[in-house]
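Enquirer: Before we start, here is the structure in question, set down as structure tokens.
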Amino acid sequence: MSTIESLSHESVRPSTRAWGWFMALLEKLWGNVVDVVEKIKKLGEDDPRRITHSLKVALAITLVSLFYYIRPLYDGFGANSIWAVLTVILVCEFSVGATLGKGLNRMLATLLAGALGVGVHFLATMSGETGQPIILGFFVFLIAATVTFARFIPAMKARYDYGLMIFILTFSLISVSSYRENGEVIEMAHQRLTTIIIGSFTAIVICICIRPVWIGENLNNLVANNMEKLGKSLEGFGGEYFNILEEGPSMDDKSFLQGYKSVLTSKDTEEAMANLARWEVWHFRFGFRHPWKQYLKIGTLSRQCAYKVDALNSYLNTKIQTPSEFQSKIQEPCTKICSESGKALKELAVGLRKVMNQPTSVHLHIQHSKMEAENLKSLLNTTSIWENDALQEIIPTGAVALILVDIVPYIEKISEALHELASLARFKRADARVSP
């Protein structure tokens, strides 16, 4: 009897084990599906414009697909209708500036390359059957090499890189295919150009008319947010630093002190946005010939200021105890510089975000910062303050004071750059005071 029971147990165990593995696999797969759904949900919640953009791209593709579905339209363009679909897929971007840039680049490049390709085709046919492939090969080589080299020119790469690539593609397609299709080259070039224009205009119109995302506004807000982060970091540094010296390490949330770090890595983003924003000539707030380069100047000054703030934050966790006499002498001017500079930056950020001139209170904050910086320099220049046996304990706090003195001119330069931007862009007048 025991032998039979043992055999039955042995026969059940493998099936039970397999069922357990199968259920564990299902549970793991379900967990992965839930994680993916949660990430997708968070992606949409973080920026709902992503959902709108996805629907806009789908609508544009559906519209140009009608060239295949409706017989009269298909008879007019034939297989070249696919270029309208491909153009929408390639041109549709998240922002208006990026879509306009790609669309106009693609249309202009196709027009020029198509005309050049047709011209080269007729020139090659005049050279006879023997000379035609030689002439075509020579021009394909020459044009491809020249335009590819032009893509390395910084000014061309920044704004016309996509157009140059499409120029090479279109010219090569027309030139090479014309060798076997002599009678259809003009019709092929015409149909391809027409479908690409239709696809580009479809993408551009949908991008502008349906909840547009203006890259110029994003750049304006990015520069303003960077200044605001610097202002908060500076405002919080004074109290945090001297509080640490007096009472030991603080346990409060210090996230406001770390906001400046994103400013240090924003250069590439700002440059890319400025290049794309130049295409948004129809924007109601900025418009044609808006001084986008001025935003890059402000961004550079903000990063230089952020490096100083980064140097300040390296002293927050110092373990060297500063003599109380030295600390009491410089604490007030240091904290006032932090406070006034931070307020100036935050009010400048609010003014830029609202596209208006600087409020008069900004100049008062900067003047107060300069006065306190002069007072601090006078204190540091007195020999008596350094005649102390504990010089090693004084140096870290003295370095903090010197960095704060260096920060004030950067705040003034940012203010001057913003004033220049407001003058060039004709920002509206501000009230006497703007609350950050």
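Cβ coordinates are placed from backbone N, Cα and C, and glycine is handled just like the others.
Okay, these came from TrEMBL:
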TRANSMEM  51-70  transmembrane segment
TRANSMEM  82-101  transmembrane segment
TRANSMEM  108-128  transmembrane segment
TRANSMEM  134-153  transmembrane segment
TRANSMEM  160-179  transmembrane segment
TRANSMEM  191-210  transmembrane segment
Enquirer: Verify whether three or more Cβ pairs under 8 angstroms connect the transmembrane segment (108-128) with the transmembrane segment (160-179), leaving out any pair fewer than 6 apart in sequence.
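Expert: As far as Cβ distances go (cut-off 8 Å, pairs 6 or more apart), the transmembrane segment (160-179) and the transmembrane segment (108-128) touch.
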Enquirer: For the transmembrane segment (191-210), what are the same-chain contacts with Cβ under 8 Å, counting residues 6+ beyond its ends?
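Expert: Distant Cβ neighbours of the transmembrane segment (191-210) are 52, 56, 59-60, 63-64, 67, 77-78, 80-88, 91-93, 96, 99-100, 103-104, 106-107, 110-111, 114, 170, 174, 282.
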Enquirer: At a C-beta cut-off of under 8 Å, are there same-chain residues at least 6 beyond the transmembrane segment (82-101) that contact it? List them, or none.
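Expert: Distant Cβ neighbours of the transmembrane segment (82-101) are 49-50, 53, 56-57, 60-61, 64-65, 67-68, 159, 162, 192, 195-196, 198-200, 202-204, 206-208, 212-216, 218, 273, 275-280, 283.
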